[in-house]
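Written out below as structure tokens is the structure these notes cover.
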């Protein structure tokens, strides 16, 4: 037990290395831009500090937001859990899960049509919930595990993650754009021969490099928001009762955006929680269609 505990502690410590690296780069960029360059233009420093503050705020909100996990409602009752563990026949186990799942708001299945059950957490997975091997827990509306924030990106912090990408991209492109004039002076030998010239050189290259890499990732997640999909669902379509459907949770572009950012536009740009829903149930195109069809059939029978 002791060696395993030591290994886990070492893994937890090493997992913070990417976060420490990002914070060191950001601190250096602040020092190089504000102290070394000594840009005296008030408007430059004002805009810089706005982007810097929003970037740090959204970044740490993504880090410290605890991933939301399913409640005890999705755990098997004690009697059913004992029957499930004693039963060796997979079909009989599925019957137990189906009986319990009847009282739960679950519409997605596995690829074979079975109830989605996590043997590690010993619970029935809600829709869009997946088990993270790094966090060792089931995460509601899991998107992916991000090493740069040392956290799982899911229902509780996906909005913060998207804003973190947006503000980090703006932070980098602003630095690159305002340092460009000093970068040109560096290559034309019109910049004073001080140690600040090396900060100018690296500041421009680092900002441009991070901007290019973040731009592609940010564009991809904007596309996911517009489609109301997670990264996992983009690679593996969710399976409903009628079969797999990659657009099962798509409600239209406007409603898809409000699912993540909320219905109050004044909160969209702030890393304040405003996402809709509870993380357990989600409006789906197929379920709505099934309910409408059922209501139509009921009215026809009544008529």
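In case you wondered, yes, glycine gets a Cβ from its N, Cα and C as well.
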- Query: Given the ranges 121-145, 196-220, 221-245, which one is assigned the annotation transmembrane segment in TrEMBL?
  - Reply: 196-220
- Message: Under 8 Å between C-beta atoms and at least six residues away from its ends: which parts of the chain pack against the transmembrane segment (12-31)?
- Response: 52, 55-56, 59, 63, 134, 147-150, 175, 203, 206-207
- Message: What does the DSSP secondary structure composition of the domain 'Palmitoyltransferase DHHC' (115-235) look like, as residue counts for helix, strand and coil?
- Response: 67 helix, 16 strand, 38 coil
- Task: Would you mind giving the whole-number mean pLDDT across the domain 'Palmitoyltransferase DHHC' (115-235)?
- Result: 91
